[in-house]
Structures are given as structure tokens and as C-alpha cells.
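According to Swiss-Prot, the feature active site, proton donor/acceptor maps to 251. Swiss-Prot lists 36, 37, 38, 100, 101, 160 with the feature substrate binding site. If you look up Swiss-Prot, you'll see 28-150 marked as domain 'AB hydrolase-1'. Among the features that Swiss-Prot reports, site 'Increases basicity of active site His' is placed at 126.
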């Protein structure tokens with residue numbers, strides 16, 4: 001169904017595809033931001049949950065989409081510019097950004113640049129909130145290596161599946177994300193590593209927003225109690241931050257528990273409609 005909503009446009013001399021269901025609703029538009037090395041297909045089940053009630057837009061990043069291709073290097077700053085340009089072309093004013101994984105770097109910078117009137121709230125899904133631990137740092141190093149990047153992806157796939165035979169997620173990993181080669185995976189390792197280096201951690205980046213506003217982290221992984229504790233501690237220190245555990249089996253709640261993710265999106269969208 002989602003591919004019927006697929007469009008193309010020219011953004012800063014780059015031909016980008018994007019999803020827009022063109023639903024005429026009383027705002028905000030829901031802006032779903034993919035992470036690296038996947039595209040609008042990661043959100044196809046979540047779009048089904050939201051389609052009837054919201055305008056839903058999903059930008060595909062440079063080199064991403066149904067026909068991935070090699071492109072000049074870019075990072076999350078360019079992703080922010082591309083997303084805002086697509087919204088401007090579509091005449092979208094108020095929007096609720098929702099990100100998956102390291103699309104979170106885009107979301108926070110998008111909040112900074114768009115300001116609280118245009119983007120009053122944000123939702124991040126399954127984003128590693130602490131500084132990279134050794135295993136993840138090793139994965140980033142492998143992704144950057146043209147000889148070993150596939151080893152890096154296989155290790156990440158195992159972590160993300162967490163021993164579960166979740167058919168929808170396996171299809172996404174092995175059929176959809178498999179479309180992407182070293183150009184994209186290597187770039188993801190470089191950009192993510194650089195983002196942690198620049199910002200310290202996602203929590204530090206959020207805390208450094210010029211104008212903070214409600215942000216909620218909804219996640220299934222990691223499952224360690226200490227991970228929930230850092231979210232809880234951050235929420236206690238920053239009243240604008242909240243979190244919710246979704247209890248899904250994998251790193252992809254938009255695929256395996258889209259109904260649970262949609263509950264939080266509806267809550268935040270309703271608050272925006274009510275001027276909160």
C-alpha cells in the first residue's frame with residue numbers, strides 16, 4: 001500500500017523519493033524519519049496504523065529508496081535540510097517528527113532548526129541513548145571497513161533480532177536493508193561515529209536544544225535494567241523528557257509492534273492539536 005503514496009522531487013540537485021498520503025487533516029503532519037540503510041518500507045506497518053487519521057510523510061535520504069545508488073558523502077545536517085525542503089515544497093507547517101534509531105540525530109537537529117512553533121514535540125524510537133559501548137563501537141569500525149562491512153551488518157542484525165524469529169523484521173533485514181551496499185553502510189558508520197563525537201550522546205544533544213520541548217523515547221531494546229535507569233534518571237532531571245518501554249521482540253517497533261508505537265504518536269499529535 002505504501003508504495004502507492006510514493007513520489008519524487010528534486011531537493012538541492014538530488015532526486016529524492018518520499019511517501020505522502022496527502023491526507024487532508026487538521027494537523028500536525030506526522031514526519032517519519034528512517035535511520036540509515038533503510039527507507040520508507042521500515043514504516044509500512046506503522047503507516048497503516050496512522051493512515052486514516054493523519055497526513056503521513058516519509059522522506060527517503062540521498063541514495064536511499066527502492067533503487068539505492070552511490071552518492072557523494074553527506075551527514076545528518078544534510079538530512080535535516082532535505083527533510084525541511086520537502087516539507088516546504090509540500091506546504092507543511094506544523095509537524096510531529098518521529099524517528100527510528102540513528103534517525104534521532106536528524107530529529108533533534110530538526111527540532112532545533114524548525115523551532116517549537118513548527119515542531120512542538122518529537123518521538124524517538126529505539127535509539128542508543130548512551131555513548132557507544134565497546135561492542136557497538138566495534139560494529140561502527142567494521143561498517144567503515146570496505147573489506148569487513150558485511151561482518152559488521154551481520155553482527156548488528158543478530159543484536160537487533162535478539163534471538164527472535166520475527167518474520168516481518170527478518171524480511172526487512174534480509175530483503176530490504178540488503179539492497180544497500182558499502183557506500184551506504186560505510187557512510188552510516190562514519191556519520192554515527194561522528195555524531196557521538198560531536199554531541200557526546202543523544203541525551204546531551206537533547207539537553208543542549210536552544211528551546212527544549214516534549215520528547216518521548218519509546219523503545220524495546222536494549223533490555224538491560226541499567227538502560228531503563230538512564231532513561232528514568234534523565235526524565236527526572238528533565239521534565240520535558242519521557243520514555244516508554246514497548247516490549248517488542250526486536251530493534252524495530254515500527255515493524256513488530258506498530259500498534260503500540262502508534263498509541264504514543266496519537267497522544268503527542270493530539271496534544272499538538274490542542275495547543276499543548
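Cβ coordinates come from backbone N, Cα and C, glycine included.
Distance from the CA of residue 126 (site 'Increases basicity of active site His') to the CA of residue 38 (substrate binding site) is 15 Å.
Of all the binding-site residues given, namely 36, 37, 160, those whose Cα is no farther than the 10 Å limit from the Cα of the residue listed as 'active site, proton donor/acceptor' are 160.
In the three-state DSSP assignment, the secondary structure recorded for residue 100 (substrate binding site) is strand.
If you average pLDDT over the domain 'AB hydrolase-1' (28-150) in this model, you get 97.
Taken residue by residue, the domain 'AB hydrolase-1' (28-150) breaks down under DSSP into 56 helix, 19 strand, 48 coil. Take the mean position of the Cβ atoms of 36, 37, 38, 100, 101, 160, the recorded substrate site; other residues of that chain with a Cβ within 8 Å of it are 34, 35, 42, 102, 103, 177. In this structure, the CA atom of residue 37 (substrate binding site) is 16 Å away from the CA atom of residue 126 (site 'Increases basicity of active site His'). Spatially close to residue 126 (site 'Increases basicity of active site His') yet at least six residues away along the chain are 100, 101, 218, 219, 220, 221, 251, 252, 253, judged by Cβ distances under 8 angstroms.
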